[in-house]
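> My questions will all concern the structure given below.
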Amino acid sequence: MTNIRKTHPLMKIVNHSLIDLPAPSNISAWWNFGSLLGLCLGIQIITGLFLAMHYTSDTLTAFSSVTHICRDVNYGWIIRYLHANGASMFFICLFLHVGRGIYYGSYTYSETWNIGILLLFAVMATAFMGYVLPWGQMSFWGATVITNLLSAIPYIGTDLVQWIWGGFSVDKATLTRFFAFHFILPFIIAALVMVHLLFLHETGSNNPTGIISDADKIPFHPYYTIKDALGFLFLLTLLLSLVLFSPDLLGDPDNYTPANPLNTPPHIKPEWYFLFAYAILRSIPNKLGGVLALVLSIAILAVMPLLHTSKQRCMMFRPISQALFWILVADLLTLTWIGGQPVEHPFIIIGQLASFLYFLLILALMPACSLIENKLLKW
């Protein structure tokens, strides 16, 4: 008799995606981050659901409802901190996943890559709106500053901002709609993940050599299920260590002060995972220019398949490109540091140089370097 997993309509889909899926035999630990992102999304949805049971999206009670979760709800503190630090883990995995895609040329699967960029935007939007919900000082002022950027759009900007706010300032209407969007977006993200995987399984996974591996495939289960399980163990160990030993390490102390529209914090800054984009935004003196640079800092990923000039797919055998890639990583770390610093000398000029280098590397230096490497191949 044929196994039920190969005949049942639903089980068949699971079987083709997770069990009998042909996978390259040589994919490294860098390919673990896809499944880790799935785990992070699952953790965020489950913890978020339990938080939503006790949270109230009203300006008068939002802050105290979060305090109530931490103090009075059974294990509320661990649910809240798993959710807050789970977001940090999510972004660590996201950045490493995108970095892997750039290094190994996975962006040549353009459909999968473009859905991935959409996912990145969706997760960033969700995280931003989630940060507003506790209604602390940084929540309120972060929401005010970032939504206000849309006023830079010519002609419709001011109307657009007031439409998003639901009034003339960030208030109850804004908080309520942000909670609604923050609740629904993870499910939209989950649907996009399915599309992401659908496109990936059309082509099959890339591998560290960048060479087509159809001749040498192994079943996903048990080889990569056990490998993913090990990744889960590492991620959960790191997350639980963070939650149980230093839950506020990545947070902002200002967010433990209830939102006050009459008192601006000395340094308004987003969560650490947005600091690189925030630094790029601040590095341009013009408001509209800054907003465009902010959007382009992520949207630039969409042009990577078009800028691929190398005859080889991945960077494994391209040492000059490797050097530029690691300069890009160092540049992003520099931008992250600058984003958390006050707007004063020498941080302003460092931020401007790092922002310029970021775009220069992706748009000019890396494609030019690939052409040079093509020439070197002929020697």
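Using the three backbone atoms N, Cα and C, a Cβ is placed for every residue, glycine included.
So Swiss-Prot has the following annotated:
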BINDING   H83, H182  heme b b562 binding site
BINDING   H97, H196  heme b b566 binding site
BINDING   H201  ubiquinone binding site
TRANSMEM  33-53  transmembrane segment
TRANSMEM  77-98  transmembrane segment
TRANSMEM  113-133  transmembrane segment
TRANSMEM  178-198  transmembrane segment
TRANSMEM  226-246  transmembrane segment
TRANSMEM  288-308  transmembrane segment
TRANSMEM  320-340  transmembrane segment
TRANSMEM  347-367  transmembrane segment
> Within 10 Å of each Cβ, count the other Cβ atoms, then let me know which of the binding-site residues H83, H97, H182, H196, H201 comes out lowest.
H201
> Spell out yes or no: are there three or more C-beta pairs under 8 angstroms between the transmembrane segment (320-340) and the transmembrane segment (288-308), with each pair 6 or more apart in sequence?
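Per Cβ check, the transmembrane segment (320-340) does not touch the transmembrane segment (288-308).
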> Same chain only, please: residues at least 6 beyond the ends of the transmembrane segment (226-246) with a C-beta under 8 Å from a C-beta of the stretch. Say none if there are none.
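Result: 29, 32-33, 35-36, 39-40, 43, 78, 81-82, 85-86, 88-89, 93.
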> Look over the recorded stretches 33-53, 113-133, 288-308, 347-367 and say which has the most C-beta pairs under 8 A to the transmembrane segment (77-98).
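The stretch with the most contacts is 33-53.
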> Specify the secondary structure state of H196 (heme b b566 binding site) as given by DSSP, simplified to three classes.
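In three-state terms, H196 (heme b b566 binding site) counts as helix.
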> Are there residues at least six beyond either end of the transmembrane segment (113-133) with Cβ under 8 Å to its Cβ atoms? List them, or say none.
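Beyond its ends, the transmembrane segment (113-133) has Cβ neighbours at 55, 57, 62, 66, 87, 90-91, 94, 98, 101, 106-107, 139-140, 142-143, 146, 174-175, 178-179, 181-182, 185-186, 188-189, 192-193, 195-196, 199, 270-271, 273-274, 298-299, 301-302, 304-305.
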> When the Cα-Cα distance from H201 (ubiquinone binding site) is computed for each of the binding-site residues H83, H97, H182, which gives the smallest value?
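Nearest candidate: H97.
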> In terms of Cβ proximity under 8 Å, which residues at least six beyond the ends of the transmembrane segment (288-308) contact it?
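Sequence-remote neighbours of the transmembrane segment (288-308) are 98, 102, 105, 107-108, 110, 113-114, 117, 120-121, 124, 149-150, 152-154, 276-278, 280-282, 355, 358-359, 362-363, 366-367, 370.
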